[in-house]
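Presented below is the structure to which this report refers.
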């Protein structure tokens, strides 16, 4: 439909009622017929239709004869006449009732035809030219338009037009698509004598030209994309957009490739780039369960907190090796603190032995699994050796902890600034030299060690198994005390790192052990003579104990779960863990980082 074609829709709908030869001499002043009976509400319902309000079966020409007398007769002429200017004359015969064909259910008659554009094609005036009866009559020279009140129920016909002086000037540029132009009119009952007015301001022509009534776009509803409107009705010409055209809904569109993954609520599940679920659940229980299943709890070494100045201590499960004949190897808990090394009974925690830090002369590793330290009392002439056996990691940890504890105890008890390393080495060497000379003087020639195995207890060589006899003599290893033959005790080595230490007979096994021990002792001595190393070790011990004490207290205070002391099966370090409520839980050792299971029972 082209712009300016104002009659095509009319021809399409009412072509059977179109009169191609209109009356050339219409009667400007028809005689009023007998007054017709006003139709009741039932008649109005049956006879009215949406497109032609003024022509119903219950109304005669007298209903609007007064309206037409207010204007001069308007006849046919050759000028361009807008199709919306009615003649307000009654036809020579009653108009036939229009067909019962229902127009578009969403279409409304605008009942106000604004002035058409100046360039318009002429058309013959139909006998039904007064069909658009609600359009205002426009004087050729007038600049104002008058709008007659329209009663939607057609109770009293048309009222007289307002005087020109009271008509407001229309807005030359109204909003063409304003939804407020079609607000509901005041409703009145069918028997009211005062007709309610349905006044509308002027609007521009619909540039799209949907139909013969020049409806604006707002008649089609708020949905301009052919979708169903909120009221459930479909606008006209919904097939004019073609198939597959839908309204854009930006807020409801999901990202490409993620259909079904858009969040519907705060408890929904999202997915990352690798397809793993990302939960934003507000439930604290769910988050705690997921975190526990995804992460293994790390247990820290157990540290007993004491109220005195000794600070925190650490316990290690080790084996106390026998040093003399008659002793047995026992399992103990080695507790290292600033007060010394305590050997505790694992079952009763009773103190079996105590070695104060000030009495410990040195500490070194005999091999990867044995730690030895020497301790003496004021009544002892020579320091006694104590050997502790464990795995390699625990042995290294024990060595570092004992060394740091010794230097920290000296710094706390003595002066905070120890003597220089050169003087310390000289004084230590002099003392060791004098003590060694004195020990060599007073030591008997045939001295037997306490840990030596008696000769009568062994009849064969411990290493090669040769039977002892007149030609195969028994020899004791000065390090381990076992009995060997001469061929298995060819090694000679000093058992200590002292300068005047004598070379003694050792077995082949102890030869390698003592050599490794002496090399470790030299490295430890070179590391300990540095002042910075002393401070680092002391600081390390203090920080480690403080951290363990805080973590242990935090676990006790922050959690209502029962705590339990568990020994790591790998490094034998005692750990303080939370006992699970039921079943078992995987715990990671804070020392060796190896996982193990802790059961609820």
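Backbone N, Cα and C atoms are what each Cβ position is placed from, and that goes for glycine too.
Residues 338-344 are the range that Swiss-Prot records as region 'Nuclear export signal', among 331-337, 338-344, 345-351. 218 is the residue among 188, 192, 218, 282 that Swiss-Prot describes as phosphoserine. Among 178, 463, 533, 584, the residue that Swiss-Prot annotates as phosphoserine is 533. Residue 480 (Zn(2+) 2 binding site) counts 18 other C-beta atoms within 10 Å of its own C-beta, drawing on all protein chains shown.
Taking only the Cα positions, the spacing between residue 488 (Zn(2+) 1 binding site) and residue 480 (Zn(2+) 2 binding site) is 13 angstrom. Residue counts of the zinc finger (455-515) by helix, strand and coil are 11 helix, 14 strand, 36 coil (DSSP-based).
Sequence-distant contacts (6 or more apart, same chain, Cβ under 8 Å) of residue 510 (Zn(2+) 2 binding site) comprise 477, 479, 480, 491. Each of the binding-site residues 461, 464, 477, 485, 507 was scored by the number of other CB atoms within 10 A of its CB, and the lowest score belongs to 464. Each residue contributes its Cα atom, and for residue 464 (Zn(2+) 1 binding site) and residue 507 (Zn(2+) 2 binding site) those atoms are 11 Å apart.
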